[in-house]
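Record features, source TrEMBL:
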- E:80-260: domain 'ABC transmembrane type-1' (DOMAIN)
- E:30-51: transmembrane segment (TRANSMEM)
- E:90-111: transmembrane segment (TRANSMEM)
- E:118-140: transmembrane segment (TRANSMEM)
- E:146-165: transmembrane segment (TRANSMEM)
- E:209-230: transmembrane segment (TRANSMEM)
- E:242-261: transmembrane segment (TRANSMEM)
Amino acid sequence: MDLRVVGLTHVYAGAPVLQDIDLEIPSGRILCVVGPSGCGKSTLLRMLGGLERPDAGAVLQVGEPPEGCLNPLTYIFQDFALLPWRSVAGNVALALEDRRLGRAEIARIVDDVLARTRLSAYRDALPRQLSGGMRQRVAIARALAVRPACLLMDEPLSALDAQTRELLMDDLVGLWLREGFTACYVTHNLAEAVRLGHRVAVLSRRPGRVREVIEIDMPLEERAERMPELAVHERRLWQLLREEAAAADQELADV
Amino acid sequence: MDLRVVGLTHVYAGAPVLQDIDLEIPSGRILCVVGPSGCGKSTLLRMLGGLERPDAGAVLQVGEPPEGCLNPLTYIFQDFALLPWRSVAGNVALALEDRRLGRAEIARIVDDVLARTRLSAYRDALPRQLSGGMRQRVAIARALAVRPACLLMDEPLSALDAQTRELLMDDLVGLWLREGFTACYVTHNLAEAVRLGHRVAVLSRRPGRVREVIEIDMPLEERAERMPELAVHERRLWQLLREEAAAADQELADV
Amino acid sequence: AGAAAAAEKVAVGALRFTSHAPTFIAYERGYFADEGLDVELKFFQAAQPVAVAVASGDVDFGVTALTGGFFSLADKGAVRVIGGLMSEHPDHDGSAVLVSNKAWDEGVRSMADLRGRSFALTQFGSSFHYMAGRIAEANGFALEDMRLVPLQKVGAMIGALKSGQVDAMAIVPHIARPLDAAGAAHIVGWVRDLGPYQVTTIFTSAANTTERPELVRRFMRAYARGIADYRAVMLDQDRDPAATEAMVDLIHKYVYADRPREKAAPSIKAGAVHLNAGAALDVADVERQLTWFKKHGLAPAGLTMDKLVDPRFQPAGE
Amino acid sequence: MSEPACAHAREGARPVPYRGGGFAPRPRRWAGAAFLAGLIAFWEMCSRLGWISPLALPAPSEALAALRDLAQSGLLAKHLGASLGRLAQGWTLGVLAGIAAGLAAGLFSLARAGIVPLVAALFPIPKIALLPLFIIWFGIGEESKVATILFGTFFPMTIAVYGGVDNVDRTLIRMGQSFGLSRLSIIRKIVLPGAMPAILSGMRISASIAIILLVAAEMIGAEYGVGAYILLAGNLMATDQLIAGVMILSAMGLTVSWLLGMAERRLLRWRA
Amino acid sequence: MSEPACAHAREGARPVPYRGGGFAPRPRRWAGAAFLAGLIAFWEMCSRLGWISPLALPAPSEALAALRDLAQSGLLAKHLGASLGRLAQGWTLGVLAGIAAGLAAGLFSLARAGIVPLVAALFPIPKIALLPLFIIWFGIGEESKVATILFGTFFPMTIAVYGGVDNVDRTLIRMGQSFGLSRLSIIRKIVLPGAMPAILSGMRISASIAIILLVAAEMIGAEYGVGAYILLAGNLMATDQLIAGVMILSAMGLTVSWLLGMAERRLLRWRA
Ligand SMILES: Nc1ncnc2c1ncn2[C@@H]1O[C@H](COP(=O)(O)OP(=O)(O)OP(=O)(O)O)[C@@H](O)[C@H]1O
Ligand SMILES: Nc1ncnc2c1ncn2[C@@H]1O[C@H](COP(=O)(O)OP(=O)(O)OP(=O)(O)O)[C@@H](O)[C@H]1O
Ligand SMILES: [Mg+2]
Ligand SMILES: [Mg+2]
């Protein structure tokens, strides 16, 4: 299932946020999106998932989601969006409850994803009893539980410690290798972007436009070992962002 | 004003979270704290700021805060803690309102910190109209506004884009050079830790203990240029955390 | 009458007051059953809802004072008066007129002194309102010369009188006497001195009078026996103490039932009132009342005696 | 959105299904007014066709005629003036006292221990049952009427406010403490605005209760007042006037609801 | 905490001042009961010393004596049974209908446009004023009594519930939609639990109102019932019985409040 963004434009209360975005996420590929804070990345992701209607343009899905996939387009929210009244297991189960799965099947899936996100010991804890990083892992576990065809991830690893992040990144790569999902991955961490993205789209400052899309050919599974070779891409991204920031500073100075 | 942590221990509902923590933050120094997610970093920070009472042990403050400092121990919360009903400027002003400053003085300080965090254009926006990164910048602006003697920062940069992060890190270094505040800085980003910390404390997995404290002698102002030299520290931290994670995995496997 | 076959179901609205005793007597002693009536008692907290319930057909018979609301229902063709029950009688204590200690100290000694004074009533259009009108009329001043204060409940009226917030009120003797005796207020006159007064009447729905006159007649016969029993014992309680105690026992089942009998008995005895023998109706006084209510805009102008009273159910004689 | 979608349709592409939206009712002013008007028209029709007996409910036109009579007699203004004065006093005092008590119960353990059971014990006491005692306590003047309304609004307000305070996000309070705000500042700037949705909801409820209690309040020696008018109409079984009086109360309720709706839109603008 | 603090005191060190805590009232069971008991004892004392005239308020001991008489006559159980039955029916129906209407008004624009003004217009209508009409509409049986309580609880419940629904975090709802939950699931699993604090607060208010309305409900043709008992006591000017009846109502209110407190602790455990 490919996703295609065509001429997408959005305006919040008179202020344009996204302008003429054209993007393509071919089936089984990961698109990373980077850009200055407030440039509209989260907004773009909401439109990809059908949670918001663009003012102009469209998000198209080409082809069918694969078998066994419970929720084709699945989010990981920037602010986690956990139900405070449900335990960790309950929050994960929520995503499965409308799917006509047996109780036992649900329990099995929940156990599985909690183990993969190293949360088994916190099954029955309430969100308020968890640390920030643990909450984010619950949100990731919930997303993994529905076997998504396309994952829409809004800085999914930002609150995690380096170690867990590394592990989950490996996990994501492994998952991708096994299941070949499509993904749009918003991040601020350029190392993450070059590690996970088949392509990296750089958005300009608000109103967000696509400034450049960088292709990275190296297979995902090799990247962990060949990080130094990726540095060139990281530097290129860094430079693009720096230019954006400089331009923004210029604007502010003009005001 | 030094901060000293003596034999600090805390238990949440029967489960120990922090155990026998001894730490020293000398006046004008920055202590970075790293550790696995859920090991009690935020809890430790709450106790440093007097927001929670430890079950045993104490947090001591040695000496007086410097002149002109409005709120000696100042937080930057992991989840921002912005008042949803106040505008950006109003949220920053909140911290100043109980201080017998004139209206004009408050407005001046607010303008100043909003400019420093590049939020001047969003003075009157409400939190719900801001992106995640912008919210975090508001929280930082609010903390800077009270000219703290000791900043207690809980992953203050995690939701920011690389560029803004770099700028704010420079800003923090600049601020520190000018005003020499004391700080306890919790982060998951090891690069940040070695860039900002005079010392870096590594906590073990839950229940958190101090596993090691690394001293970094290089002056802060030189670090931006001499990053490669810092790599050795970063690798050392990485290794310590990796061991913790391995041990945690071991435990989980045993369960 | 032929009771046995199929007793007719009849609902009677009742209030837990001693003045409703004939209802309880006729019910307990089987007088209704003798007439082939299968009576069900329905209890109310105030008389007006009984009239509404009769109008809506939920209840067949009730007892009420003549009030603005009742006249209005009669005018709508819903209810009709078929007999008289309680009345002021020269030989018996009826309602007394009380004044507060404050008014007494200011020199109010008789009903004539009530001009310019405040007078408590439950509601406008109630029988208390009418009594105030009679007092004014008999003493030669206008009703407007008194300040009428509606207080909804007898309890509230007494409270207001005791605390001197109103100057005067009219009330049944078994409340008036103890107040006077305790020095909480002063009796300055009796309503019976103002002339004959038909206080409460028996009524039924207009539909019953036209469609089931025979039933109404049977009810009235049974009711009259209840009244006769009551009069025989309660109006001269010392003549046959055993009968009196039996009557008190009967009434105590319905009135003051939540108090022990020994506490309830004095109240029941003191509450004995004058009831018209044979449920005879003082038609002339009813007409006088209707005129008065109409004059003060408290009854519909179009209401006639024909519409209000159905005289066919009056006993031939005592 | 439709054009590009069409352009790509032949390649088997279709727009991502829209799943968001909803759960955000927008005020539709005219719909509400039209609905009420329709309801009254329907009632009039039923009355005219004889589907509703005049004994059960007079036609709205009759009630309106009674209302016109009242207005022409000049008494409407007197009744309204008397009632609105009592309402304004009783409700304002009740709401302020309720906010104070609710805040105390929401903030202090000891206050909660005293206030919650007291409210639970005293709120269910019917004002009409206590009328005789009210007369002795507060007399038969304006005090007793204002007191009736005050007591009626104080309790629900207290409950709503402390429920709202309980629901204020504790991390915001911790934030205020960390900036060294005084207790009073925290209450004024964090707790009160945070509890504002519940306070407004409580004001909606207590305003209606205050209007209801007009009748009870004006049972005691009231010469003028909408409640007194209704009581008299009830005593005389003048159902057209009764309904006219009830319509005045309804109009008051609608006005208060409309004012509170405006206040809500202003004060809760920060909510999505 | 004290030992190390002392050890370091001579070096000029002092513990960081504790600024957190507070703003989290803990239930203190005994304090509440003790407070009420103290209040009643104080009242008794005032009565005995003659500071409160028996005219203004009978002593609690007299009311308790009346209560004992009532219990011994065997009527207490009958009164209580009748009233509790009416309460349970009327309140349950009113609460359920209120939750349904409140949810609808909180979720759908059109329902809101209809329900909000209707509630604003009908809630302020006093039940006592309509008693004559209630008799004609619902008769004098149990229906009219249950209906009185139902109408009294339905409106405040509706207001509380839609206020609560408005306050549910919209990002949680978007999350539910993003996982393709059905509308019903979102309402059941996200909106209802999110509005639960407001629903419980509304139940507190409506339960008290239901108890208040017992008196109004039992004005019409009630043979047994606490309200009927109070009305009779009022008619007969028996203030000791009046207060005894009021005490029964208070006890009911306390019981409901206690039950709801337990429900709150269970259902809202997730709150800090
Ligand atoms: N409801 C809203 N009303 C008005 N403006 C909004 C609203 N939501 C978002 N915005 C504005 O839209 C812009 C884009 O927001 P968005 O959350 O998409 O940014 P982002 O790229 O995800 O930023 P970050 O990296 O900081 O998360 C921001 O400038 C924000 O102020
Ligand atoms: N209120 C609470 N009740 C019970 N347990 C709690 C509570 N708050 C925190 N904890 C537990 O204490 C531990 C430490 O939490 P803390 O938030 O300090 O972690 P952290 O080191 O900041 O993690 P992160 O890096 O993910 O933010 C966690 O395991 C958490 O489950
Ligand atoms: Mg974002
Ligand atoms: Mg943390």
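Sequential numbering from 1, following the chain as shown.
Yeah, the Cβs are placed from backbone N, Cα and C, and that goes for glycine too.
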Does the transmembrane segment (E:90-111) reach the transmembrane segment (E:209-230), going by 3 or more CB pairs under 8 Å (6 or more apart in sequence)?
yes
How about the transmembrane segment (E:118-140) with the transmembrane segment (E:242-261) - do they touch, taking at least 3 C-beta pairs under 8 Å (6 or more apart in sequence) as contact?
no
Counting only residues 6+ away from its ends, which parts of the chain sit with a Cβ under 8 Å from the transmembrane segment (E:30-51)?
57-61
Same-chain Cβ contacts of the transmembrane segment (E:146-165) under 8 Å, 6 or more residues past its ends?
86-87, 89-91, 93-95, 97-99, 101-103, 105-107, 112, 115-116, 119, 122-123, 127, 134, 137-138, 191, 194-199, 201-203, 205-207, 209-210, 212-214, 216-217
Take the transmembrane segment (E:209-230) and find every residue of the same chain, 6 or more past its ends, with a Cβ under 8 Å from one of its Cβ atoms.
70, 75, 78-83, 86-87, 90-91, 94, 127-128, 131, 134-135, 140-141, 144-146, 148-149, 152-153, 156, 241-242, 245-246, 248-249, 252-253, 256
